[in-house]
Amino acid sequence: MPYILLDCDKFIPERMKHTYVYDPEENILPACNTNTVPGDMTERGCAFAGSRGVVGGPIKDAIHMVHGPIGCAYYTWGTRRALSDNEFHRRYCFCTDMQESDIVYGGEKTLEKASLEVMEEFPEASGTFIYTTCPTALIGDNVDAIARNIEKATKKPAIAINSPGFCGVSQSKGHHVFNMTFYKWLKLKRKEFPEKCMPEEEKTPYDVALIGDYNMDWDVAVIKPLLEKIGCRYVTTFTGNASLDELFQLMDVKLNIVHCQRSAEYIAQMINDGFDIPYTRATFFGLSDIAESLYDVAKALDLPKERVDQVIKEEMEAIQPKLDYYKSKLEGKTCMVYVGGPRTWHWIKAMKDLGVEYVAACCTFSHTDDYEKMNKNFKEAGIKDILVIDAPNEPELEEAVKTLDPDFMLVGLKERYLFRKYGVPTINSHSYEEGPYAGYRGFVNFARDVYKAVCHPVWNVLKEGEDKFKNFKGDLNE
């Protein structure tokens, strides 16, 4: 089926290239990762949010300094539930709080003073990440020089991340910038501090690192035991609940396992190119994808398949009774998904595992390869006629909900409030309701939260209330 133009987009015909209905007989990929059309009420985030809010922020023992107005610090605290076991991580927000005078006269002195004060207040911090924002990048503050000054004064690492909000079309650019900057910095510092690298005598043929997991509601605490059960030695995570020192060992493992394939595959590719360490892609959401990922890891490390079979059997036996109950309640329900990038296609087989029908997939910052994977998963799951929208705006989302009338939606942090007003149950599949959602036990948590949202009696009350006002609404329309 060709691309389609939604009714709400008649004044922005360019949006037609971003919207299609999946058909296995057609090879359609939408326009994506492009500049937002003026007048389009986009839901995208900025590049700064991608670097600070997504990839960098979960590093648990470093100071994350936002060099910009206090409004930019919204993305630093109380948004994504990237949890850690560090006492000050996520409890504090560090920002230079740029004022008009700083914009006029420059903010470098303000940045250096604030960073040194924070390091004095928190001597346990391992180092400092400094993130530029739109105003500080536009006035040309030399944050790289300030980072060098801070490093010299504190004798601890200071890393400048130059990803102001305007430097890319979406938060995806911020992911890329952080990956590249951190890789270059780490490669240099490993030579400077060889004692932080893993000693040769400690290395094993089964060392792995998890790339692109940010420990939402302790996902890492579920994934790590799974990998260890099949025979891996878990070394570190990029970046969920990881310390700066632990990340020095990213280049010492035998295999990198890439979970979020949009925000962190960049660094896995660079490590592969620079250190000849292979990587494999994995999805730890949904029964089918978890099993496939475990087999892929075992194959890459030459681990016995029988061990993986046994682990899967044990995990399934532990969750089957609860899973059967939730599946019986959700069978035949319809779901619309609106998330950032990879999770749009991560959830395809997971929905099928629950007996849920997937009716629409909307992505904020997906690239071409994300849509290729999405179409592949649709085909493997045997489903078609799915509405797909790249970087949807608010009217498009409203029209999709009104047209498709899904039983529930998987959404992110900010969209759920709009759709709940429409009477559509929502589940936060971005930062979770009550996770973890990864792994077998996490999938039961996910099924439980979907069940609690969809089957909550409040929706019946709302529908009864709507029925009472039908005649009244009809009179008004006439």
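Easy rule for this one: first residue shown is 1, then count along the chain.
Placement of Cβ uses the backbone N, Cα and C atoms for every residue, glycine included.
Record features, source Swiss-Prot:
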{"type": "BINDING", "residues": "C46, C72, C134", "note": "[8Fe-7S] cluster binding site"}
{"type": "BINDING", "residues": "C260, H430", "note": "[7Fe-Mo-9S-C-homocitryl] cluster binding site"}
Using Cα positions only, nearest of the binding-site residues to C260 ([7Fe-Mo-9S-C-homocitryl] cluster binding site) (C46, C72, C134): C46
C134 ([8Fe-7S] cluster binding site), number of other Cβ atoms within 10 Å: 17
Integer Å distance between the CA atoms belonging to H430 ([7Fe-Mo-9S-C-homocitryl] cluster binding site) and C72 ([8Fe-7S] cluster binding site): 20
Surrounding CB atoms that lie within 10 Å of the CB of C72 ([8Fe-7S] cluster binding site), all protein chains: 26
Output field, [8Fe-7S] cluster shell: CB within 8 Å of site CB centroid, site C46, C72, C134 dropped: A47, F48, A49, G68, T133, P135, P164, G165, F166
Proximal but sequence-remote residues of the same chain as H430 ([7Fe-Mo-9S-C-homocitryl] cluster binding site) (Cβ under 8 Å, at least 6 apart): R80, M216, V339, G340, R343, V411, G412, L413
Residues that sit under 8 angstroms from C46 ([8Fe-7S] cluster binding site) by C-beta distance, when 6+ apart in the chain: C134, G165, F166, S170, Q171, G174
Neighbour tally for C260 ([7Fe-Mo-9S-C-homocitryl] cluster binding site), based on other Cβ positions within 10 Å of its Cβ: 25
